[in-house]
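Visitor: Reproduced below are the annotations present in TrEMBL:
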ACT_SITE  S259  active site, nucleophile
BINDING   H66, H175, E443, Y483  Zn(2+) binding site
DOMAIN    1-45  domain 'Neutral/alkaline non-lysosomal ceramidase N-terminal'
DOMAIN    49-193  domain 'Neutral/alkaline non-lysosomal ceramidase N-terminal'
DOMAIN    224-512  domain 'Neutral/alkaline non-lysosomal ceramidase N-terminal'
DOMAIN    514-680  domain 'Neutral/alkaline non-lysosomal ceramidase C-terminal'
Amino acid sequence: YMVGVGRADITGPAADVNMMGYANPNQISGGLHMRQYSRAFLVQQGGTRRYRGMYNAGNVCISGTHTHSAPAGFLQDVLFQITSMGYVDETLHAMVEGIVEVSLYNTTSLAPGLIMMNKGELLDTNINRSPLAYVNNPTHEKARYKYDVDKQMTLLKFVDQHGNGIGMINWFPVHCTSMNNTNTLISGDNKGGKKHFYDLIHFTFTNVPDRLGRSWHKIFHHLAGYAELLFEEAMHPGSLPGGGRFVAAFAQSNEGDVSPNTRGPHCTDTGLPCGNVESTCDGKVQNCIASGPGKDMFESTKIIGTNQFNKAMELYDSAQVFLSGPVVPVHQYIDMTNPDGSGSTHSATTCKPAMGFSFAAGTTDGPGAFDFKQGDKSGNGFWKVVRNFLHAPSQELKDCHAPKPILLATGEGMNYPYPWQPEVVDTQLFRIGQFLISAVPGEFTTMAGRRLAGAVKQVFSAAEPDVEFESVVAGLSNTYSDYIATFEEYHVQRYEGASTIYGPQTLSAYIQQYKRLAHNITKGSMLRPSGEAHDMKSKLMSFVLPVIFDTTPFGYSIGDVIVDANDSYTQVGGDTVSVQFYSGNPRNSPTFNMTFLEVQREVDGRWEVVLTDGCWDTKFIWGRSSFMGNVRGISEATIEWDISPTTPPGNYQIHHYGHYKTAFTHKIHPYHGRSRIFQVG
């Protein structure tokens with residue numbers, strides 16, 4: 001194959017913007033835990049490089065890891081913009097810039113290479129958060145599986161023509177909800193942090209003898225959490241997260257009912273297990289929260305991330321099955337309210353979009369508000385009155401979605417100021433030799449994903465019985481249409497079923513469609529258009545206020561230190577350095593390819609950057625210290641560095657970078673703050 005890999009920064013606004021995922025209006029971005037990156041893999045079967053017309057909707061898949069700690073406002077539909085106060089151009093702009101840059105990079109890096117596949121079981125990393133819905137699936141079907149979530153990680157290893165590693169992508173289902181809905185720092189969650197370790201480690205593996213590489217691998221297997229800084233100092237000073245040549249992606253799969261909070265849900269007031277069907281404590285969902293495995297969300301994120309990292313290392317190093325055969329993409333927009341063109345899926349039909357009452361209850365990873373509960377099949381009289389004020393669902397819609405009681409009839413009359421949920425979605429299937437990727441526009445539950453992947457594999461196996469195909473689901477791809485539960489799970493009406501927006505036959509329609517895509521590849525069958533995706537960019541509305549200006553108290557300048565570092569710290573007990581600066585609003589800064597902080601170490605009389613705001617051990621925390629009506633002037637940035645046990649002794653400094661806006665000219669200027677020199681030892 002011809003292969004290319006690339007990476008680019010897509011970090012959005014680190015202040016004033018609601019975060020996407022939990023739909024919590026109080027979860028407003030206020031700093032950085034880890035940067036966000038786009039990672040791209042380009043595969044071409046032979047041939048030469050070409051650029052013009054190379055990328056299109058048919059052969060490009062944009063798939064999200066689904067972190068719940070990133071800026072919102074990039075989706076077009078109203079339902080996904082309510083808590084974000086509409087569309088946020090800064091969020092989408094950062095994504096577009098990064099995706100364009102990474103596409104150009106992996107195009108220019110395109111060169112002959114090989115792809116290997118591997119898979120293996122990963123335990124202690126995910127649990128089912130709606131087990132009673134899963135149990136409702138047929139007994140004979142459940143008997144085929146050992147667990148009620150998928151425990152298999154599937155990995156592709158990319159090497160150049162000389163056998164040097166250039167990239168890796170794996171699929172493993174687990175929600176990125178280790179960071180809970182109280183977090184306000186942008187974070188890649190449990191699929192974000194370990195990417196940096198992997199990028200860095202394999203960058204150096206390609207530059208050292210095999211024997212030395214293997215010995216270092218043993219160290220990293222046990223010290224994955226510290227691998228970044230350790231390898232940086234020992235093997236390749238100056239290589240930072242997002243900067244290595246090796247590109248590692250930890251992709252999402254059928255995680256719809258899968259949680260990383262492995263201790264499961266408990267009542268926060270009593271410590272007792274929650275009510276099973278409704279996930280309530282004393283009749284309310286707010287105190288029924290899943291947690292673990294760590295003592296807090298940061299430790300839990302690290303543990304779940306490290307588990308995935310270690311398994312990926314193992315699979316990468318032992319991968320031996322080479323992919324061979326054609327590279328074929330197929331894509332079709334489809335109207336999910338009319339998936340086969342005649343309005344029916346066999347004798348059943350899908351529905352116009354609608355959300356059930358249990359949707360508003362949230363999940364045990366992030367409970368909702370008010371008195372909504374999971375498992376609700378009847379609805380609440382008060383909220384039905386509120387619903388009817390917005391739009392009362394027709395009897396036809398209620399019959400179609402039964403037994404779901406409809407809270408929001410998003411696809412029927414709710415088109416102001418533009419549609420609330422999509423009706424036309426992307427469906428896409430890739431074949432790379434014997435490897436099949438079903439790129440799906442939503443969150444498939446465990447069993448739903450198993451059925452879809454199995455159906456696609458069956459089509460290919462029937463066409464080529466001598467080939468051993470591997471079939472994976474790439475979740476949250478190209479657009480977002482909420483959840484896809486099985487018919488049986490839908491009837492339990494947990495959160496996932498209530499959020500299956502096209503009715504109880506949604507999964508059947510998707511399976512029918514992806515089999516159609518598979519037949520298109522195996523038989524060359526025709527695909528006629530089945531809808532057109534809407535582009536509402538010109539209609540999108542935003543109510544996020546702009547930055548007016550930045551200022552400081554009299555006698556101070558932006559970038560001045562408010563609280564400085566101490567003279568010395570120890571790495572043995574895990575000290576934390578904390579320095580506070582007067583700052584500008586982070587939204588003034590072009591977050592693309594920059595850093596708000598640096599940790600620098602003195603080496604032979606020179607200052608070298610050892611950590612940035614993309615590193616696990618640092619945090620950039622921003623907030624306001626004064627309000628003057630809508631003019632929000634004085635703000636402060638706190639930079640924290642958790643010193644790891646492997647930190648080399650020596651002299652260090654904390655640097656803070658940013659931009660501020662002047663009051664009268666509204667021009668944006670860069671600024672720089674610096675702490676005192678302190679010693680670690």
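Each Cβ is built from the backbone N, Cα and C atoms, and glycine gets one as well.
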Visitor: If you run through the domain 'Neutral/alkaline non-lysosomal ceramidase N-terminal' (1-45) with DSSP, how many residues end up as helix, strand and coil?
Guide: 0 helix, 27 strand, 18 coil
Visitor: What parts of the chain pack near the domain 'Neutral/alkaline non-lysosomal ceramidase N-terminal' (1-45), using Cβ distances under 8 Å and only residues at least 6 beyond its ends?
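Guide: Residues 66-75, 80, 82-85, 88, 90-91, 94-95, 97-99, 101-115, 156, 158, 160, 166-167, 169, 176-177, 179, 181-188, 192-193, 195-196, 199, 241-242, 246-249, 298, 323, 326-327, 362, 366, 432, 544-545, 547, 585-587, 591-593, 596, 613-616, 619-623, 637.
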Visitor: Just going by other Cβ atoms within 10 Å, which of the recorded positions H66, S259 has the emptiest spot?
Guide: H66
Visitor: Can you give me the Cα-Cα distance between E443 (Zn(2+) binding site) and S259 (active site, nucleophile) in Å, rounded to a whole number?
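Guide: Cα of E443 (Zn(2+) binding site) to Cα of S259 (active site, nucleophile) measures 13 Å after rounding.
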Visitor: Including all protein chains shown, what's the count of other C-beta atoms within 10 A of the C-beta of Y483 (Zn(2+) binding site)?
Guide: 23
Visitor: Check the domain 'Neutral/alkaline non-lysosomal ceramidase N-terminal' (224-512) for me and report the mean pLDDT.
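Guide: A mean pLDDT of 90 is what the model gives the domain 'Neutral/alkaline non-lysosomal ceramidase N-terminal' (224-512).
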Visitor: Are there any residues in the same chain, six or more apart in sequence, whose C-beta is under 8 angstroms from the C-beta of H175 (Zn(2+) binding site), and if so which?
Guide: H66, H68, R129, E255, V258, S259, P260, D365
Visitor: Give me the DSSP three-state residue breakdown of the domain 'Neutral/alkaline non-lysosomal ceramidase N-terminal' (49-193), ordered helix, strand, coil.
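Guide: Breakdown, helix to coil: 36 helix, 36 strand, 73 coil.
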Visitor: CB neighbours of E443 (Zn(2+) binding site) within 10 A?
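Guide: Its Cβ has 27 other Cβ atoms within 10 Å.
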